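In Swiss-Prot this protein carries:
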- ASP158: active site, proton acceptor (ACT_SITE)
- ASP1474: active site, proton acceptor (ACT_SITE)
- 2-10, LYS43, 1348-1356, LYS1376: ATP binding site (BINDING)
- 349-402: compositional bias 'Low complexity' (COMPBIAS)
- 486-496: compositional bias 'Basic and acidic residues' (COMPBIAS)
- 499-526: compositional bias 'Low complexity' (COMPBIAS)
- 837-864: compositional bias 'Low complexity' (COMPBIAS)
- 348-402: region 'Disordered' (REGION)
- 455-526: region 'Disordered' (REGION)
- 837-867: region 'Disordered' (REGION)
Amino acid sequence: MTGFEIFKKKYQVIQILNEINNNLEERLISIAKDKSGKLCVLKEIKYLNNKKKLEEFKKEEKNEEGIQKRIYQRNFNLEFNHLKNFSQMNHTSIIKYIEHIESKDEFGLVDRCIFVTEYYEDGDLSSIKEIEFKDIINLFLKMLINLKEFQNVIIHRDIKPENIFLRKFKNNDGKVELDCYLGDYGSAQTLYTQNKSTLIGTNQYIAPEVIEKKGHTNLIDIYSLGKTLLSLSKRNTGFVYNRIYLKLFEIMTNPFETRPNVNQLIEFMCRHHENLKYTLLVSDFQHRDSIKCLNYLKEKLIGILDNKTNPLKKIHIDMEFQGKTYHCNGVLRSEYLRNEYILENYPINNNNNNNNNNNNNNNNNNNNNNNNNNNNNNNNNNNNNNNNNNNNNNNNNNNNNNEGEVVQVIELVSTDEKHYSVLEGHINLSESPILNSLSFHDFKVIRGTAPIMHFNDINTSTTGEEEEEEKKDNLKRQNENNQIEQEDKGEKHLKETLNNNNNNNNNNNNNNNNNNNNNNNNSNYNSNRKCLLVLVPMKNHSFRLYKDILKNADETTVEIIQLKAIFHSLLASYLVSLTGVDFALQFLIRGDGINVYFEPPQPSDTTTSNNGEIKLTDYGFKFLFPFKHVSTVYSECNSTYFDIFPQSIPVKNPLVKEIQQFFKDESQTKIPFTTIFQRLISIVLREEYQYKKYKELEYYFEAFNSIDHHYQQLKINNENLVKSEYITRLIDSKEIIKVVNHLTFMPVDDYFFYVVPHNEKVYGIEVYKNFQDIDFFGHAINIIRLSLAILNDHSKHFKFIDAHKDINSSIYYFVYELPPSLASNYKSTSEIQINNKNNNNFYNNNNNNNNNNNNNNNNNNNSNDKSDNENKLLFKQLINQHFNNCIEFINNINTFAREKNPINILLYSMHTIITKNEMNVSSLYYSYMLFGKVNQCIIGSFYDIGKWVYGDQFEKKIKSATFLKNLQYLVWYKMSMISNNHHQVYFSLSNLYSILNEDDKDMMILNLESSLKINENNENEESLPQKLFKLDDIEFGDNFKYSKILIGGICYYILNIKEGDIFKEDQFGLEKKILLLELKQLESGKKYLCFRKQSHQTNTLKELKFNCRTINKKINDEIILEPLFVVEDSNVTFHFYEYKSSFENIKSIESYSKDNSTDYNGIVIIRSLLYYIQYYLSNYKNDDDGSDDDNDNDNNRSLKLVLVNMKDNESLIYLDIQYLIYRLYGVDISLTNEWTKINESLINGTPSLITNFIQTNRNKILNDSICLEILSNELMIKFKPIEIEIQREINHVTSVVSVVDVDVSGNSSKKKFVRKAIGSIIDLKIIGKNYGGIDLSNPRSLGTYNLIGDSVFRNISFFENKKLFEKFDTNVNFQKEIEFVKNYSKFLNFDISNRIPREYSILKSIKGMNGVVQIDSWYLENDIIYILMDYFDGQNLLEVSQDLINDFTLFSILNQLSKILFELETVYSIHHRDLKPDNILIKNDLTICLADFGISHFSKELKNDQDLYYSKDGTLGYQSPEIYSSELRGNGDIKNQPYKMDVFGLRCVMKYLMSKFNSSSSKLKELVEKMGFFNYDDRISLKELIECLNKL
């Protein structure tokens, strides 16, 4: 036995991975298992070219010594030797060598070898789809170590993902990380052969110089590694990481002249790891091995860095900005809305800048002044000179001391106006004085419309031809960009400012490089997206708080620094919380130290240690203000931790721990953050005596004492009123303030305040139970505070004190101080004299509780007792008060917007409280409404007051009341429900004044009228009113008499609004209305009747479309009246009709429905529907109709809403087919854009929902001449109802199966059918709402949603609906069916074609087969699905006459049935499963017909579901025994065994007949016994049964 055979016996080959044969060698790679069971990889190689190699050596070498040297070199260069040598190094990441065996030929060359390596079970890099960036960086570092070891030895030549193997492991946090190992050294070569030009490697990873045969150096491995890393970066799972490394990977793929070597790459990675102190915390080096790799590389590089004679040329990724060149240390991108660059100033370029400043101070001063004016518009002319001088000094100082200057550039890009304004608000907050001393404040903000730069625009330092080519490309791009016309003024201004700066630099230096730099700089400003560019200069030696800073510090130093850091965070967080800007807090109080920076002290304030270094305790702290992209800007703070320290820094100080724990406990109660911070400050001051010894904390204690003094005064005044237990004791449920109900879109409970007198003041406490959105609690408090800051009027508005959550229950208390006049009214009487009237929400009149009903009754009685004049006077008084209050409210908003520039301006959203004093004088007060009311309810507030005064008579007494209500709907639908629409609504207080004044010209008082200055002659104005201010999308313009609406770019006066149909049961809790608008065009004065229809609820701007088109009429009669034109988008449709006086009495289908909108079967509705169907069918497109409407993808031009002019001239109905379908069947087809597809099943399908409606009302239709006239049209013939006359019921299942006569030709020619009910669509209303549109043109599709049963697979409604259950005597286990229905949702994912009604599917598939019932058609009536089957004139075997049956006929019956069942099984793959005498029909000529396929199944369906296979369907006494006993089942797999249950059922039928008719045939008895063996394996199959019958 040879050595190789002995060696191979040690391993058992499991799998051959690869086999390679060529002229040079034969390779066999396999997975094997050693004797211990451990997997490994065997690689066996046979070298076939040794003789040729030896000949080459002899030609190239002159002596034997040289030949032997070449032989040794060739043997040493073999793969297993490289692997053996490098894998023994612990620091390398190379596949691990285990052992090998080799043999040599007679020349001394290795001719065969087998070597063994470790097996890596997780595959290679090519197999992973996602990878974290920290794993990519760790891979990079490990490959750099490998390449450093290879540097003077070998070139790998085939680095690629397929040759880097993986091993996954879990770190301490339980997260999966990757270890990588480089393998496959078969292509490796020693540097001895570097001048060779062998083309070896994988195409996409081969360096260009190899392909061009320019020789091999170790730079080709750098290229391959760069390509590998770039391919992996595309699979990165994160979106926040330092993208500067991506640029480095690109540089690694440069041409070899500019490609960095391994030493340069190592130096770059070590340097950039050190520079992390200037960046936000990223996870690039968080892999457990990354720091180890960096430390090793630093040690390897020491000698190279100290080499002064041949210094290492460093890699710099440079960026030019505003005339300076910077080293870019980091690029972080958060999605596409935010880029962040960490820049370090070039020292060489700084000297140039110093010269520029010294020689050209005037130019620089002007430029600096311009920049300051851009960033601060509040500078006045008197201060400009001083500012210029200061700027000069500052700039000169900075330029003299800016070596190593670090600049953080934050680019916030947004394409959305709202997002952009929020970002500007964020900038304004960070510029505010409250954060001046706490954050890096001396930043610059550039506002423009062009992203300043992108990662792909970073210019890397290059040399030679590449640099010249890059300059040419930049100049070319600049020339192209100059030709682009820039429309945006902000962008023009930005470009002019930058050009001025660049031109000055060009004039001073006269340097071509500077010209090119300016061109590059300008080329970055050519985009239409808005952006904010924030430049944050950080002082020299500023650094982030992290572990290494404190590793050598003593305990006292660590304690002082941690206290200063958390005090700094607490002070900043408290100041930010006062502004109500919650989104900033979560980045201040919990950022793992990413935003907290040490700042070096001023030279005069420094204290040095013994070694001359500045003491850490003298460093201050500054926040890098947390600019985040807009997805986080809007969100409130949701952090429950005060954790500003990185996890690597342990917290030991007890005060810091107490602060963190207290914040965690209190923040979970969702009380306002300002309150939490105030209490934390009190905790800090409690320990002040202990920490006074640290002078470094004096500043913070001074600030905290100032804050706490105000807070303690507030606590003394309120005596802890907001504590939940104290509130509970004070509340008296009998003492309440009722709040006037408001116009809102959803039913809510009545609002009220508990009145609490306390400490010489009176408070109102608002209580909320079961807060639905607990995270909104703290955010809501800030909204209230901002609202009250805008109002600033405690005489009319409740003053918010504080809020509290009871930890032990879901109760929230909001405490307000009552206005003084309201409080004095309470204190002056022994009982509450705030006699508010309270009316129920008018949406919910039928669902009120008893208290609400009593309030309504009292209110209505009081109103009836008063005269109309008294009510009128009271209404006038309150409306005047409210108008003046609203004017003041709007003025306050204008003032606040100008002075404060808040992030969000709150709209009107107030509780209305009406009081009456002892002098019978009513007054209005207001409290901010937290829930239940949309912000646009200023219109509805006037309606509320009228509703309070007049009660339910309001809309009858005041004709403008309905208009007010509907105007509020119109505004609300524009604003709250769908913000993305093409139309706009305009109104003003003067408009509301005019509306109410139509009822009474003396309604308003003079001072109000004079203050409004209404323009009565503005009806013909040509332009929109000048905007005074804007709240979201509602425009409050100049005073005008009429409200206005802008539709499709045309402005109309709103003369009147009527309410149309309402989708009351909308699944989102909303009511999608049709509003009837009477409009007057401003320019032409034409009047229109416009139907505004809300269709969808899409808020995505991309789905918004505008389409204004004139309808092409296909029928031109006077029945269906189409609009003149339609303006529509994806959400709203406007149908415009030329206004006529006859339109005053337009009605909807609701006017003709019976029993309070529950019956839509009236003859007028039936006629309208038939007219519409005729109209719909006549409006299909024709290919030759000349239409070029590319926007209309439907095949039908008909509209969903039309006017129907009834022939009797008694009514004009607007018919919305979607609304009618919704009312009839609960299917909201407006939720889908597939209008034609839906209508094909609703209308054009036969049968369909419409045919169901027609068939249900057939008696009314057949007795109405107008309906018959409509149905006589050739398009409508198929909709004519079927005339059915029931002859008799099949007794065993009452009302389910009947014999009927059907008029099939329409001429009273009747044909007999068997009609069977197989399901129902009663549940369609619920199903349609929950699951969307349903195709009803195919009955099989109904089964997925509606038709589930167990015994006969009937509809759910058979078991859930009592009436239907009583109607059909199903003889099934009711409880069992209910349990079956509970699993209803499981069926939604099943294949529709194989589901119920299965009987219909089966009968359709066997149509034409002899011996089975034949289906004719199906139809819908009264929501029941019926099938019609050909009538079989015979008897069933249960009722068959005794004269017909004998032994001969029994053999005939058995023979026919066995063949029918065999054909069903073999040809159609169907099993009947319910064989019994009732289901077998026979004629006098002994012809057999098999019926009732209600529980039949397709074979595939049965054999894929064992539970279904052995289900207990069918009839007891005829079921196979293996259904009930598993012991009797066959031993084989049900998928492969024949189905024998029908054989057993047939045996039971024959047994019944043989017993009933006294059969004496022994052969028949013997055969039937074989059919009836209880054990499945013993029973004969259908095939065997037929063979036995053929032998008889």
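Cβ atoms here come from the backbone N, Cα and C positions, even for glycine.
Remember, predicted model here, so these are calculated numbers, not experimental data.
Counting only the Cα atoms, the space from LYS8 (ATP binding site) to ASP1474 (active site, proton acceptor) is about 65 angstrom. Neighbour counts of Cβ atoms within 10 Å were compared across the recorded positions GLU5, ASP158, ASP1474; the minimum falls on GLU5. By the criterion of other Cβ atoms within 10 Å of the residue's own Cβ, the least surrounded of the binding-site residues LYS8, LYS43 is LYS8. Here the candidates are the recorded positions THR2, GLU5, LYS43, ASP158, and by Cα distance the one nearest ASP1474 (active site, proton acceptor) turns out to be LYS43.
In the structure as shown, the Cβ atom of THR2 (ATP binding site) sits within 10 Å of 9 other Cβ atoms. Calculated from their C-alpha atoms, the gap between THR2 (ATP binding site) and ASP158 (active site, proton acceptor) amounts to 34 Å. Taking only the Cα positions, the spacing between ASP158 (active site, proton acceptor) and LYS43 (ATP binding site) is 17 angstrom.
In the three-state DSSP reading, LYS43 (ATP binding site) counts as strand.
Secondary structure at LYS8 (ATP binding site), taken from DSSP and collapsed to helix, strand or coil, is helix.
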